[in-house]
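Engineer: My questions will all concern the structure given below.
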């Protein structure tokens, strides 16, 4: 196509640049033919004009599209040229941190100068078995390709690793060898793969040194052949070395070091074993201080020497030889410090007693005199005589240095030879893979002989590389039937001829070395004369006559001729060699012995042993080995190089080109200049040029159709994809020379893919523009309609709002008018009513006042008249009284006077006698008169009294009436007075109120003002309070929220802590299970290894073709494994033990011995513990006897104590009665003792209390009696059990006597109290005494009735006890015939029956008491049963442990006793070593067979059984049921040998069938199900309570009765674990090929992901071709697995574990491939993965398996898919990624981001700054640095107990199983 079509505006090109080599620019306008320049714009925005070469008119290189940048294969680039290659490598190295890139068949490796975690065992496992193009570039991919081709093509392979010093060649070769050692394993116990790896530290120590470019630069070339056997396992290795840099021993440039071994010895000189070497610091020796850099940062030379010594030991070089090597190395250092001084101009001398020379002589065992002489002298031989000549100091120094180099070279060769001897084994080598670690092309300021040889070797290798690349291209074209023409590529044969042909540089150099007076100058002149005019590749420098220039394939190199002859001769003083040969040091003599096998200075070692060597034709004229040391270095190097090339040509080569990114060893720093130099030198660009010369871009038809379907119209799409592609290409690309159609691929010229990508991008861009136009139109119209609708709505609402505002205003105006009207009316009305009310009040008050004044006047007048009347009456009465008093007084005075006169007269008469006589005479008459008068007066008096009473009544009535009237009048007066006063007070009050009204109004105004101010202040305060309240509420809410958050955090923290602890416990448990199961796996591996060795010994040594690879885990170090005694029981005697021991290695034997010692100690401790337990039991038994003898005495003592206590209580009662009697006596006189009196109540209360106390004591007596009875019966049973005699007669009923005595004492006490003198001292009333007597009589009768009933009940109980005693004696007589365990069980059963009968009787008498008693008895029964069972279990457990440990020790230490001891027996007991419970049960559900039929049973039921028929037609687990039923019969007949042989045969047969058909999933699943069912049956019918609770009563009757098979359960559990692991491995082998294709490569959603251009190494197509696995294939396979396991009756819990493991494998393999495949890390692939995961989840839902953890195993894969789809630009995106990807490690997240690759131009790459942000935020994560998931990890399996409801007696054996010899029992 025309340049104008490509060089258009915005096209990007590459232009040369002095700093960056190539710089990117963009065209500002289209290029037209004839333009002299291009208008470009650089990436920084600078516009420049790029002038075109006027002669060539070559346009600048076009830049590839962005989607092709960063490709794994450089040949996938559309434009193949130097800037594209450089840019692609830079992007991958700097941005994606990818150090490996394919360039066709070459792997380009850039040294990162940083340790990367991409070389672990997980990465090795990920690359193992993969195609080279299916994974990202890696050294492991190259190694895998070589390994695979060796096995597939039966052809030897070679891996050629080259590059500059410091580019990483040695490390790459080391990793390649590590890969082979890991994936292949070794066939011998010598661990050859470890020895191969161990050779690396040795060779690095003696052959590597620090240079200015590399801290660990290899200063020699090496070719290691790794040998494999017919099964492609490592059997040995061989190493060839090339061109050791001997000059480094005596000279180092600045910032460089000598070989590492010297510095390691100096750093370890303080060690005791190195004192004899007399070494010190490296700065003290000339050979180690010249570079002035004795230390390498980060390298500990002491530790490195320790690693070197370990490697020597591993390779079989013993300590003595190691010390000998170190002596020779130390001697070289001392020799370098020997100072030689000038004696004169032609001679030199060594000062006497030179310390370093003395040390040298002591170390190598030579004499000081001889060595000092020949260091300064030289022997010359002529034809006739020999004489000694002195040499000057310079020559002597050179001779010393030559001797040092020669010794080191000999030592180097000796080490290489012994390393090869250690790596060679006796197995026959079938094929090999060679790893060539050789120096790359070198050019320095001063280039000498070493650089010449190195560049010569690279010329040869480059020629071989070019030929191989050309050959591959030719084969590809012929395979696709593409017409091809000869591609012109650079052939460096002329340069090789210049060097090695006749009269070439090496030939002339050898010729000059033979000349007596040959020199470097003369040799240079010969070169000029021979080649300067005849060869264009040879040039002479302008300013020098001692140098020459050669045009190599990589660059021109100028070589300085000085030193060429000396280095080519490599001469050493023969006398010095003779002195060393005469040494007393045997190792040195061995180094220089003439009879040793010829070892060239190049280090070439002939092959020995069983290694197969390539046959190489010898050259003509080759000299004998005795003269080989006379060959020059150049000749030797040419011969060894020729042998190397023949070896490489006979193998399939694989190329690794190592690139050094910078000269400063900076991590991930890229120097374009240095990189371009190395790319040109290593042949990468030549590969690109060869590829670009033909058709570099290659697409399959399907891939082309899928990628460029957008360029086709619907009518162009035909059913034939090839025809469709042809039609489209003819339409798109007019020039048919730009492409060719092959059989399966389309071949494109360089740039065509870019052109097609441009057309595709333009088509997609046009489609995007159309889509954008349509969408933008739709969005704009939608936005316009939305705005229009919004405007109309706003207008409508605005107008409505305005109208509502107007109406509201009008309503408010009218309302305001109305309000004003009514308000004014209201005000006026209120004012009128106030005035009216005021007038009425005033009128009322005035009228009231006037009325009150008038009333008061009238009242005053009335009162005045009354007062006057009363006063006047009072005055009249007072006058009358005064007059009456005066009259009475006057009468009294007058009468007194007359009385006095009469008295005086009577006194005179009385003195006379006659007077007395007169008086006496009339006395009687007077008396009679007086009597009559008295009667009359009485009558009158009576009448007067009656009249007076009537008057009094009348007066009283009148007075009452008058008083009422008077009170009424007085009230009226008081009312009048009050109202008068009220009117006055009201007037005063009115005036006062007026004054108060005025003051109140003033106060009101003041208060209103104050209130207004107060209101404003209060409102202000309220607002402030509200604000404050709001803030307080806010603070309160914040505090509450904070408290809630803290509480929630604390809760979450506690929950997390609990969860973490739970998870940790679960993790620990799983780790322990995993460790145990790994031990089983290791044991299985050892068994397989033993079987393989056995088969190899038996079978013939016929090589088998094919690729049989071993699992990579077979080469890993085995974990600790303890050999279980259970497995030992399965073998036949000592032969099995011998076989197992033979299969173990030494370390395992030592571990077993250590474990045996521990078990012996544990056995001894258990025996001691058992003896202690027995002693304690005997002591306890004796103590029980003593207690039984004291039991009766204790009962009597207890009875007497109880009686004393009751007597004290009676005394107390007597004292209380005495006090009561005293109180009654004291109140007897007052009648207090009568019924109802307080004293009587007190007495009655006291008597009631006494009765209650008596009842309480009675209940205590009953409880005491029951306890004594129970104790007596317990003692009675114990005495029966221990002494086996009749029970002692103990007929006295203690409790009965005790109860009667208490009743008697209570009665006597009460009688004594009643007869107490205090009651009889004074007489009481008869009624009181009678009542008391009746009370006492009633109490006595009640007690008598109770006593009689108690006596009757006790008699009945006594009779029951006698009957029970007789029954117990009968039962004991029966039990004596049973064994001890059965005796205990029978006793418990009888005791339960007795207690049940007692409960029934008690229930009939007193339900409440019976319930309480029943609860107590049941509790006691439960406690006794639990204690008895616990003790029984403890004894059984201890006995079982003792048996196990005794058996283990017996089996490991004395295998001869194994055949006589069953799993349930003890070795030490002769007759019945194990207590086997014999259960008298009705045995059913058993199968009987003869012993001779056992093999037939195993054969028909296990070995020849077809799982498919059994699974479909019969019940699940039928073989397991049949085997268990046979086992039950063996247990029933108590045949331990039959039990053992049956179990052993079953286990061995299952192992045998699994080994035979272990790859058949159906077989493995079937026997996993049956093994688990057999294990469950052993548990279910074992008799253990934990398992029996799930059984039916009938199933419990079928439990094993004689043998405890707990140990065999462990063995079968281990077997089930092994079968489970075999099942997982089988499933993994089936699923492994499907996972990557179905989960990653296949497009489940068609059209989402596009296919990018690929390079030479094609990947698996993502299009679903025939035979390609899809997601449906995986789902179908999972469904097949699930249905198979369900048909076999596998436990649901076990199925869940299997499915979880399946999903883990799917997730881990998919994620690992995603992390190792750059082309899969895209947005569209993330969508595909999420869809595929959703389909897997849907499958789980359909199967009901969503809730057990299978989905969680896919979480890392889900998060990786989400990571591919989320935005990756801003900090928010980084936070989202960090919070989302919790299941991924930091390394995985960063790896996905680095690998993220846009499939289309519309996607963007992840920026470096964003990745650094992610790394910063994830820096604090504590996680494993491992990149890949462990696909070999197997979750620890558990077998939850799953009892079967199937009754054994119902199982029928089908005739198809051919088990007619079995008999149902």
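Cβ atoms are placed via backbone N, Cα and C, with glycine included.
So TrEMBL says this about it:
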DOMAIN    8-60  domain 'Myosin N-terminal SH3-like'
DOMAIN    69-761  domain 'Myosin motor'
BINDING   163, 164, 165, 166, 167, 168, 169, 170  ATP binding site
REGION    600-629  region 'Disordered'
COMPBIAS  616-626  compositional bias 'Basic and acidic residues'
REGION    641-663  region 'Actin-binding'
COILED    913-1096  coiled coil
REGION    1099-1141  region 'Disordered'
COMPBIAS  1114-1125  compositional bias 'Polar residues'
COMPBIAS  1132-1141  compositional bias 'Basic and acidic residues'
COILED    1149-1264  coiled coil
COILED    1344-1448  coiled coil
DOMAIN    1544-1820  domain 'Dilute'
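Each of these features: where is it, how hidden is it, and who are its neighbours?
Structural biologist: Counting only same-chain residues 6+ beyond the ends of the region 'Actin-binding' (641-663), those with a CB under 8 A from a CB of the stretch are 89, 93, 103, 105-113, 139, 142, 145-146, 149, 153, 155-169, 172, 176, 212-214, 223, 240, 242, 434, 436, 440, 456-457, 460-461, 464-465, 468, 604, 614, 616, 669-671, 674-675, 678-679, 682-684.
Model confidence over the coiled coil (913-1096) is summarised by a mean pLDDT of 78.
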Engineer: Using a 10 angstroms cut-off on Cβ to Cβ distances, just flag whichever of 166, 168 is the loneliest among these binding-site residues.
Structural biologist: 166
Engineer: Near residue 165 (ATP binding site), which residues of its own chain have a C-beta under 8 A away, given they sit six or more steps off in sequence?
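Structural biologist: Listed in sequence order, they are 211, 213, 214, 217, 218, 439, 440, 442, 660.
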Engineer: What does the DSSP secondary structure composition of the region 'Actin-binding' (641-663) look like, as residue counts for helix, strand and coil?
Structural biologist: 9 helix, 8 strand, 6 coil
Engineer: Starting from the Cβ centroid of 163, 164, 165, 166, 167, 168, 169, 170, which together make up the recorded ATP site, report each further residue of the same chain whose Cβ lies within 8 Å of that point, ordered by sequence.
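Structural biologist: So the extra residues in range turn out to be 111, 214, 217, 218, 440, 658, 660.
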Engineer: For a quick check of packing: other C-beta atoms within 10 Å of the C-beta of residue 163 (ATP binding site), how many?
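Structural biologist: Excluding its own Cβ, the number within 10 Å is 27.
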Engineer: Within 10 Å of the Cβ of residue 169 (ATP binding site), how many other Cβ atoms can you find? Include all protein chains, please.
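Structural biologist: Result for residue 169 (ATP binding site): 28 other Cβ atoms within 10 Å.
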Engineer: Does anything in the same chain, at least 6 positions from residue 167 (ATP binding site), have a Cβ under 8 Å from its Cβ, and if so what?
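Structural biologist: Residue 167 (ATP binding site) has long-range Cβ partners 109, 111, 214, 440, 658, 659, 660, 678.
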